[in-house]
Amino acid sequence: MNVGLLGLQGAFLDHIRHLKTLNADYTIVRDSKGLEKIDRLIIPGGESTVMMKFLTLFHMTGLLQKRIDQGMPVWGICAGSILLAKKQDNKNGILNALEIKVQRNAYGRQAASEQKNIDIPILQRFDFPALFIRAPRIVSCENRVEVMARSDNDPVFIRQEYIMATTFHPELTDDPVFHEYFLNL
């Protein structure tokens, strides 16, 4: 299994230590050829508008949508969840893979970023230190979306079949449990 880390912009390097801990092979994906060589993909946190522009510039959007439609597991973190959403704010989404609507930067600017402890029963983690950095809010989820964890009643970890999303940054903790879960999707 070869895990792709979308390496156009954002915090993709922070995932490497967890993948190494789990002895997972990985590739930093920067073009369409890279997308063809992977079995699953992590879309990291970063700036969703910049990532969207790079996906378009490097002609990756269509192939990425096709790979997701064919069943490639994908995990979107923060900005990655925005790219995967069917709706963002009052606009159509980019990849249209997750049946959710998100509100960008819902919790405020960088200075309003915070850590909250959340319970994630499916991962047997309680008081998990979830770091929210200019995080999106998942405003609504369709029936196929399973809410795996909440913070202040907002969904913050969701799964729709082979696609998962977190609005916080598990890669910034010392616990590889999210990466392990993703590898087993």
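From the backbone N, Cα and C atoms, a Cβ is placed for every residue, glycine too.
In TrEMBL, annotation is done automatically, which means it is predicted and not curated.
The shown structure was predicted, so the numbers you read here are calculated from the model rather than taken from an experiment.
TrEMBL has this to say about the protein:
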type: ACT_SITE; residues: C78; note: active site, nucleophile
type: ACT_SITE; residues: H169; note: active site, charge relay system
type: ACT_SITE; residues: E171; note: active site, charge relay system
type: BINDING; residues: G46, E47, S48, R104, I133, R134; note: L-glutamine binding site
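Counting other CB atoms no more than 10 Å from each candidate's CB, the recorded positions C78, I133 peak at C78. DSSP assigns E171 (active site, charge relay system) to a helix in the three-state reduction. Taking Cα separation as the measure, R134 (L-glutamine binding site) is nearest to C78 of the active-site residues C78, H169, E171.
Neighbouring residues of the recorded L-glutamine site, listed in sequence order and excluding G46, E47, S48, R104, I133, R134, comprise G10, G45, C78, A79, I82, N105, P136 (Cβ within 8 Å of the Cβ centroid).
Closest to S48 (L-glutamine binding site) by Cα-Cα distance, out of the active-site residues C78, H169, E171, is C78. Pairwise Cα distances among G46, E47, S48, R104, I133, R134, which the record gives as the binders of L-glutamine, peak at 13 Å. The 10 Å shell around the Cβ of E171 (active site, charge relay system) contains 26 further Cβ atoms across the protein chains shown.
Other Cβ atoms within 10 Å of the Cβ of R104 (L-glutamine binding site) number 16 in total over all chains. Every protein chain considered, the tally of other Cβ atoms within 10 Å of the Cβ of S48 (L-glutamine binding site) stands at 26. Listed in sequence order, Q9, G10, A11, F12, C78, A79 are the same-chain residues six or more apart from G46 (L-glutamine binding site) with CB atoms under 8 A from its CB.
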